Amino acid sequence: MKPSQRMHGLVQHINAVAQQLGLDMLTVKKEYIFRTWVTISAPLTYAVFGVYWGFLEARRHWLEGIKSSIMLGGLVSGSAKLLTILLRHTPIRDLLHFIIKICEDYEQRGVDFIHALNFGIDRVYKIQRIIFVGYSITFLIMLLMPLVLLFYKGIRITVMPYEIPGLSIDSNIGYGLTYLQHTIPEVVGGIGFYLGDMLVLLALNQIQTFADIFQLKATALNDALERKEHSRYVCNVGEYKDFNIQALLMDLINWHQLFVDYCELVEKIYDNLIAAQVFAASVSIVICLCVNLNEFDLISAIFFLVSAYSMSVYCIVGTQIEFAYDQVYQTVSCLSWHELSCEQRKLYMMMLQRAQNMKIIVLLGITPLSLGTALQASELDFCFGNLLTKNNI
C-alpha cells in the first residue's frame, strides 16, 4: 500500500472510534447527536456523584475521602480531551487532512521519501497497538473484576469509587443499577482516552517524519554542494556549473519553515490537552500510591497502572521529538555552507538561527515534555505518597 493509503486508513480508524462517541472528526460541520450528549454526560455524572460521595467519605475518614477521588485525574484528563475535540474540531480536522496531503505529495518523489513516510506510519501503528492493548486490558479488568469477586467470593465492590445516593449496593437491584451506571462513564472514558491519545500522538509523531524528510532534502543539497566543490578541480577556467543549488536550498528552507509552523500549530492545538494529561496522571499516581501504601485497594492499583502508563507514553514521545529537533539542527549544521554564494549564505544563516531556537513543548510553561519530567514527577509522587501514609499522619 502507498503511504497515503496507509495514513488515510489510520485516520479513518481514528474517525471511526470518534464516531462511536458521536464525535465525527472529518465532518465539515459539528453535529451534536444522542451519542455526543452521552459522551458529554459521562464526565459530568462522575463529577457530580464522585465529588458528593468523596465529601461524605472524607467526613468519616481522610483516607476514605482520598480513596473516593482516585479517578479525579482521569476526570481532568478526559474532560480536557473532550473539550479539545469539541472546541478545536476545525483545526484538528484540517491537520488530519494536511498530514494525508503530505503523504500524497511526497510518495511521488522517490523511494527514499516513501521509506521515510512508511517508517513514520509504522511508528504510529506501534504506538497505536501499545495504547489499544494497554487500555483494553486495564479497563476490562476494572469492569470484570467486580463481577468476578461477586460471583466467586460474594464481595461487592463498585467499578467507580462512588455510590449513587438512594441505591444501596447491598441489594441486588441497587448493585445492578449502580454497576450499569458505572459502566457508561467507564466505557466512554476508555474509548475517549484512546481517541484523545491517538489524535495527539499521531500529530506529534509526524514531527519525527518531517525531520526525516528534512534530512533527505539536506542530503540532496549537500551532494550538489560536494559536486560543485569537486567540479572546480576538473572544469576549465571560467567555466561554471550551478548544479541546481539555489532550487535545492530554497526547497530545504521552505520545508524547514513548514516544519517549524507545523510544530507550533500542533502545540497550539494540543498544549492544554498534553499538560492536563501529564499533570492529571501525576496527581492520580500520588492518590493511588497514598491509598495502596496504607491498605491495598484493587481499583486504585489498576488505575495507578493506567496513569503511569499514559504519562510514560506522552513523555517518551516528547523525548523523541526533542531528538527530532536535534536531528534537524545537526543536519543544518553539517551542510557544506562554505560552497554557498553570499546571498545563499544569508538564507542559510536564517534557517540555522531558526533551527537553534526551536520551541520545545512545555507543560504550562513550567517543564518540558520529556522522560526527565516523568522521572521527576515519579520521584515527587512517591515522596508525597509516603508522607500521606498512616505512619506519618
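The backbone N, Cα and C atoms fix where each Cβ goes, glycine too.
Over in TrEMBL, the protein carries these features:
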TRANSMEM  32-56  transmembrane segment
TRANSMEM  68-87  transmembrane segment
TRANSMEM  130-152  transmembrane segment
TRANSMEM  187-207  transmembrane segment
TRANSMEM  273-292  transmembrane segment
TRANSMEM  298-317  transmembrane segment
TRANSMEM  360-378  transmembrane segment
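Contact between the transmembrane segment (130-152) and the transmembrane segment (187-207) is supported: at least 3 Cβ pairs lie under 8 Å, counting only residues 6 or more apart in sequence. Away from its own ends, the transmembrane segment (298-317) comes close to residues 67, 70-71, 73-74, 77, 127, 130-131, 134-135, 138-139, 141-142, 145, 157-159, 161, 193, 197, 200-201, 204-205, 274, 277-278, 280-282, 284-285, 287-289, 291-292, 369-371, 373-374, 377-378 of its chain (Cβ-Cβ under 8 Å, at least six residues beyond either end).
For the transmembrane segment (32-56), the residues of the chain that approach it from at least six positions outside its boundaries are 20-23, 65, 68-69, 71-72, 75, 78-79, 82, 160-165, 181, 184-185, 188-189, 192, judged by C-beta separation under 8 angstroms.
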